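Straight from Swiss-Prot, the features:
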TRANSMEM  8-28  transmembrane segment
TRANSMEM  48-68  transmembrane segment
TRANSMEM  102-122  transmembrane segment
TRANSMEM  141-161  transmembrane segment
CARBOHYD  Asn167  N-linked glycosylation site
TRANSMEM  189-209  transmembrane segment
TRANSMEM  304-324  transmembrane segment
TRANSMEM  352-372  transmembrane segment
TRANSMEM  407-427  transmembrane segment
CARBOHYD  Asn444  N-linked glycosylation site
CARBOHYD  Asn452  N-linked glycosylation site
CARBOHYD  Asn459  N-linked glycosylation site
TRANSMEM  495-515  transmembrane segment
Amino acid sequence: MTIPHEVLAQGWIPFTVVVVLAILFSWFYIRYYQDHSQSEVSSTITGIIALFIALMTTALVPVDIFLVSYMKNDDGSWKPWSANRMNRDDIEETAVATTYYILYALLAFFVFVIIPFMYFFFEERDEDITTAERACGALKYSIGFLIVASVLLLVGAFAPLKQPPKNVTEWDKRLIFLKDELKSNNGETALSLLIGFLTLIGMLIMITYTAYGMTALPFSLLKGFKSAKTEQESVTRRRSRNQEQARLIKAQYMGGRAMSSRDRRRLSELEKEEHALATRERRLEAAQLGWLNKCLKLLRPFEMVFGAFFLLVALLIFVSLFITCLDKALHSNGYQYGYSLPTPQLPNPINIIMVYAQIVFPLDYCLFLLVVLYFVYSSMAGIRRVGIRCCWIKLFKVRPRRTLPQALLFMCVMLMLIVLSLNVMLFSLAPQYVMYGSQNYRANSTVTSLVNHTGIIQNVTTSHGIAKVCSMEMSSDHCTMTRIAVFLNRFFYKVWFFGACYYWGTWLFLVVFMTGLIYSIVRKRKTVVDEEYDSSDDSDEEMVTA
């Protein structure tokens with residue numbers, strides 16, 4: 001039986017809408033942050049396409065979940081069109097899996113080839129150098145990234161990874177779900193290792209930026225800005241004190257006596273501080289008269305509402321991740337299997353919400369996208385506050401309409417890796433939903449009763465099917481796992497090191513989240529010009545060459 005058209009329409013039409021929204025979102029984000037005075041069309045287009053591809057890898061996940069959920073009825077029976085195993089494979093192993101492969105391959109191509117080339121291509125810009133010479137120079141520096149990608153692909157293709165048992169009787173009951181899913185070619189294993197390496201880097205970026213941004217974002221909205229008028233009065237008083245100190249120092253040397261080195265140094269410090277305070281005072285005066293300050297006053301109630309909402313979402317995510325990590329610590333298969341969780345035992349709030357939301361299509365799709373956008377927005381909040389750093393050395397600043405093309409490409413790579421690692425994070429955030437959606441299976445139940453008709457007691461046994469929630473303990477004949485879950489579980493089985501790193505990385509993410517929460521609570525409020533005042537410090541070029 002062929003797949004009904006309404007199934008394909010309900011699964012792929014929302015995905016098409018998301019594709020359009022992702023293009024608009026990527027274009028707006030890149031254009032909002034780039035410095036228009038120094039931008040190049042090539043770097044702008046590269047950033048937009050790169051961010052779009054990263055968003056697509058995550059946007060495909062709810063389509064994957066919808067298709068496997070729609071294969072079954074609520075009572076756990078297969079629908080007529082999905083009762084045939086070949087039809088199910090045509091959807092999951094052909095259409096969905098191929099789309100995943102294409103998107104992941106494009107993402108790796110951009111990370112290792114296109115973006116490094118465009119970065120060095122911009123660095124080679126000079127009036128005396130032709131475009132061909134710039135391209136040759138950029139290609140020379142980009143070869144190193146291509147070598148790293150090639151090595152990872154070769155290792156993934158030919159390294160002796162963990163193999164499944166040859167004898168069916170040797171299969172552990174906990175791994176029965178993988179019995180039919182471990183058949184993969186060398187090409188898929190090579191791509192998995194390459195993506196796993198990128199995902200691991202993305203996890204480190206999430207721990208550094210996203211965990212902090214999830215607390216910094218809501219508290220910045222809840223606290224708001226200091227009063228520009230009050231801050232200006234404080235700056236004016238500081239200027240008066242500094243001017244008085246400078247006058248007293250100069251008065252000591254009115255007779256032409258040589259100024260001591262101590263007083264000369266102190267006077268120089270006062271003059272520098274006077275210049276900075278004068279600049280700040282002018283900006284505070286302009287802020288009081290500007291339309292932005294007036295709009296912020298009008299929007300203040302909405303800021304507090306959104307701040308409270310974002311804080312609740314952050315706490316809900318924290319609780320869900322903590323419960324899943326605790327569940328894995330108690331009931332997982334251990335580090336040798338990447339801490340895979342056969343059946344979630346502890347109630348996970350986000351998992352419960354997403355499973356029940358799938359009843360009203362496409363409510364779960366909308367909630368899923370909101371969670372993804374919240375992670376992206378929180379990541380950007382962390383990147384803006386921390387800056388782009390390497391080994392704690394600040395390389396670039398990310399500022400609206402003032403971000404250099406090099407920083408923009410760096411930011412795109414960071415967001416791509418964050419979104420890529422978000423697929424693994426979502427697997428911990430809502431494990432049941434990401435693996436099986438709302439699928440049930442029919443479990444045979446035997447009921448024995450005692451019947452007495454003629455004074456003789458007889459045992460009467462009846463059997464019927466009971467709908468139970470799908471779990472890893474069931475084979476693919478009873479439940480169909482999403483492709484994203486198959487990829488992750490298969491990869492964790494073959495290379496347990498990555499699964500263990502993701503598990504302990506999630507714990508570290510929670511620790512950084514709590515640290516950022518405490519810091520955001522005790523941190524003082526900023527003024528409306530603090531971001532602009534910070535942008536007047538050393539330029540990005542000076543930071544890189546320092």
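Yeah, the Cβs are placed from backbone N, Cα and C, and that goes for glycine too.
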Check for me, if you would, whether the transmembrane segment (48-68) reaches the transmembrane segment (352-372) - at least 3 Cβ pairs under 8 Å, residues 6 or more apart in sequence.
yes
Sort out for me which stretch, of 141-161, 304-324, 352-372, has the most Cβ pairs below 8 angstroms to the transmembrane segment (8-28).
352-372
Considering only the recorded stretches 141-161, 189-209, 304-324, 352-372, 407-427, state which has the highest number of Cβ pairs under 8 Å to the transmembrane segment (495-515).
189-209
With pairs 6 or more apart in sequence, are the transmembrane segment (189-209) and the transmembrane segment (352-372) linked by at least 3 Cβ pairs under 8 Å?
no
Are there residues at least six beyond either end of the transmembrane segment (352-372) with Cβ under 8 Å to its Cβ atoms? List them, or say none.
10, 14, 18, 55, 58-59, 61-62, 65-66, 69, 313, 317, 419, 422, 426, 429-430, 432-433, 437-438
